[in-house]
């Protein structure tokens, strides 16, 4: 009788461990899916980037910045150059 109770308790403990491991695996899978979605959106944005840098984008020279922007000498980011042409 004692051995049957011991086997039953051992089986329940084993089942609890397996379920816990399964839940952890599910959480890890969910994290991987979310990471993949974020990476895909980042890649899509990078694919649509222009060859020039937008306002406050990092730069090393004026040619890096888009039209009507220039590279700020101290902070190395693109700022408005003060022009208004179309």
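Including glycine, each Cβ sits where the backbone N, Cα and C put it.
Taken verbatim from Swiss-Prot:
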type	residues	note
SIGNAL	1-21	signal peptide
DISULFID	52-66	disulfide bond
DISULFID	59-71	disulfide bond
DISULFID	65-78	disulfide bond
Need the DSSP three-state call for residue 71 (disulfide bond) to compare against my parser. strand
Among all the protein chains here, how many other CB atoms are within 10 A of the CB of residue 71 (disulfide bond)? 20
Residue 52 (disulfide bond) and residue 78 (disulfide bond), distance between Cα atoms, whole Å: 10
Express the distance between the Cα positions of residue 59 (disulfide bond) and residue 65 (disulfide bond) as a whole number of Å. 7
Residue 52 (disulfide bond), DSSP three-state class -> coil
Once the chains shown are all counted, how many other Cβ atoms turn up within 10 Å of the Cβ of residue 78 (disulfide bond)? 23
Let me know how many other Cβ atoms fall within 10 Å of the Cβ of residue 59 (disulfide bond). 21
Should one count Cβ atoms within 10 Å of each candidate's Cβ, the disulfide-bonded residues 52, 65 would be headed by 65
How big is the Cα-to-Cα gap, in Å, between residue 52 (disulfide bond) and residue 65 (disulfide bond)? 5
